[in-house]
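K.L.:
Provided herewith is a single structure, encoded as structure tokens, for subsequent inquiry.
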Amino acid sequence: MNSMEFPFLDRTTPNSVISTTLNDLSNWSRLSSLWPLLYGTSCCFIEFASLIGSRFDFDRYGLVPRSSPRQADLILTAGTVTMKMAPSLVRLYEQMPEPKYVIAMGACTITGGMFSTDSYSTVRGVDKLIPVDVYLPGCPPKPEAIIDAITKLRKKVSREIYEDRTESQQENRCFTTNHKFHLGRSTRAVNYDQGLLYQSTSTSEIPSEAFFKYKSSVSSHELVN
């Protein structure tokens, strides 16, 4: 056990009783029990086949892939996220129990990739929909890079204070109204227009076609520009 990561765990009494804080104990218990939900939409997702195999064996980190968001505390997004898929991703994130984490894997997930140059339906970065903890660039990232990202996330978990994380996730929650297309004079066929609507209800109570959620207070056109 690393005393640098958990300084309170190094205090022992003559009877060899460890004294610590509830926060450090909770973080330590979650280090080896991160259960990921694998969310893949394109080619980067194929790297998980190598990662799960015997050569890299990411089970040694306590990672157990789950098919239900209610059983997962980590979601790995890989591939391009379109406007049509964005509500589904937001809903999956909302259904995950706290504390929860996000790893954005690949150029398409982080920036929209090559599909973002002339596409009106590609989200320019998954961090406009959900908060991202670790960015993993690459096209596609190698399995070694994915393991490095998981290691960095584990270090973040070990230093985390749960109350601070909960407060930070409640800020800058923003939704958008229905999407509308308008004819423009540019060379492109249509211009994408969205209106903003601040709400306090959860996404599970709103129709999926009626909103998009992203992390910071950005203008609506930044989803696609």
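Every residue, even glycine, has its Cβ placed from backbone N, Cα and C.
According to Swiss-Prot, the protein carries these features:
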BINDING   Cys43, Cys44, Cys108, Cys139  [4Fe-4S] cluster binding site
K.L.:
Hey, what's the Cβ neighbour count for Cys43 ([4Fe-4S] cluster binding site) at 10 Å?
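P.N.:
That number is 14.
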K.L.:
Taking the centroid of the Cβ atoms of Cys43, Cys44, Cys108, Cys139 as the [4Fe-4S] cluster site, which other residues of that chain lie with their Cβ within 8 Å of it, listed in sequence order?
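P.N.:
These residues sit around the [4Fe-4S] cluster site: Ser42, Ala78, Gly79, Thr80, Gly106, Ala107, Thr109, Gly113, Gly138, Pro140.
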K.L.:
Let me know the most crowded of the binding-site residues, choosing from Cys44, Cys139 and counting other Cβ atoms within 10 Å.
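P.N.:
Result of the Cβ crowding comparison: Cys44.
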K.L.:
In which DSSP state, out of helix, strand and coil, do we find Cys139 ([4Fe-4S] cluster binding site)?
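P.N.:
Reduced to three states, the DSSP call for Cys139 ([4Fe-4S] cluster binding site) is coil.
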K.L.:
Going by DSSP, give the three-state secondary structure for Cys44 ([4Fe-4S] cluster binding site).
P.N.:
helix
K.L.:
State the count of C-beta atoms found within 10 angstroms of the C-beta of Cys108 ([4Fe-4S] cluster binding site), not counting that atom itself.
P.N.:
27
